[in-house]
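Worksheet: one structure, shown below.
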Amino acid sequence: MYIKNLYLDNFRNYDNIEIDFNKKVNILTGNNAQGKTNILESIFYCSLGKSHRTNKDKELIKWDKDEAFIRLNLSRKPLDKKIEIKIFKGGKKGININSIKLKKISELFGIFNVVMFSPEDLKIVKESPGHRRKFLDMEISKLDHRYYYKLVQYNKILDQRNIMLRNKKFLNNDMISVYDEQLSKFGSSLIESRIKYLNKLNEKGKIIHSDITKGKEEIEFTYLTHVKGRENISEELFSLFKDSYKRDVEKGNTSVGPHRDDFSIKINGIDARSFGSQGQQRTSVLTIKFASIQIIKEISSETPVLLLDDVLSELDESRQEYILNSLEGIQTLITCTGIGDIEKYLKNDFNVFRIDNGRIAEY
């Protein structure tokens with residue numbers, strides 16, 4: 001699977017551009033703030049129907065326009081795909097696949113998988129549990145529409161429970177019990193799927209991390225949850241909701257459940273978030289991203305497109321070399337301010353595009 005070409009109209013700082021991509025490596029070079037990341041953002045948007053940088057779609061529209069348009073032509077077996085997205089200033093969007101309008105955004109998932117690696121991904125290792133949950137939810141949703149449905153249902157019911165907890169004069173124990181039962185049903189399925197995904201991440205990640213560090217480090221991912229057992233997760237989750245009820249009423253929110261869970265990342269048995277060096281933290285993210293590629297390939301039988309947004313400059317030479325030597329068979333788009341030493345690691349089949357204030361020239 002690879003992107004054949006991309007057309008943008010009034011997207012971010014682009015008036016109207018069309019780019020034909022190499023099926024192997026494409027390098028987008030230019031000074032900062034010229035629009036390199038905007039191209040990757042538009043491609044990411046075609047995968048999940050959302051930006052990796054903002055929750056406000058109106059920010060994607062050129063400042064003096066009312067709508068933006070993205071068209072991405074994809075070579076994909078057994079049938080090529082044309083993804084077209086209109087983004088409106090009022091907040092709505094329209095998505096078509098091969099000229100057929102999608103009824104819901106989840107229908108887009110799995111059509112076109114990408115793995116994005118940007119400096120912000122360090123948050124997966126360094127910052128709060130919410131970033132790690134977001135990573136899990138996004139990666140699993142790409143591969144399983146049912147997971148996304150259950151996640152949406154869980155969050156809707158959670159919101160209803162929290163509203164009732166905060167409005168004590170409307171507190172209804174019978175209704176809380178109904179919410180607890182529904183949350184246990186959907187929540188247990190989320191936990192099971194996350195644990196399965198982390199098992200795969202461990203399986204792939206251990207080999208990748210050992211390769212990157214030349215056998216000096218071992219990485220391990222462990223799911224962290226209030227649920228102790230693994231046999232009757234739904235029943236245990238229901239008990240946890242019941243046991244936390246008084247505390248939840250006092251605080252006005254739900255204190256247990258998959259929306260509070262986390263996963264640890266350990267390097268040689270030491271927590272990478274608290275005690276890992278910056279180099280170890282960067283390597284952990286690199287491991288996670290390349291393991292994600294392998295998981296997508298294993299489950300979907302298709303290789304995702306890899307988007308590297310200004311990350312090579314953040315890595316030392318050995319890690320740069322690992323990435324650039326691992327691109328065989330993966331269409332890759334790389335943004336950077338200059339080619340520098342990248343070229344010596346790449347085979348001849350790559351394209352270079354110069355980005356200058358929303359204008360693109362191939363050379």
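Along the chain as shown, residues are numbered 1 onward.
The backbone N, Cα and C atoms fix where each Cβ goes, glycine too.
These come from Swiss-Prot:
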{"type": "BINDING", "residues": "G30, N31, N32, A33, Q34, G35, K36, T37", "note": "ATP binding site"}
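On the structure: features taken from Swiss-Prot.
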residue : record           : CB count, 10 Å
G30     : ATP binding site : 20
N31     : ATP binding site : 12
N32     : ATP binding site : 8
A33     : ATP binding site : 10
Q34     : ATP binding site : 20
G35     : ATP binding site : 22
K36     : ATP binding site : 25
T37     : ATP binding site : 21
Quiz prompt | Output field, ATP shell: CB within 8 Å of site CB centroid, site G30, N31, N32, A33, Q34, G35, K36, T37 dropped | solution = T335, T337, I355
Quiz item: Three-state secondary structure of T37 (ATP binding site) from DSSP?
Solution: helix
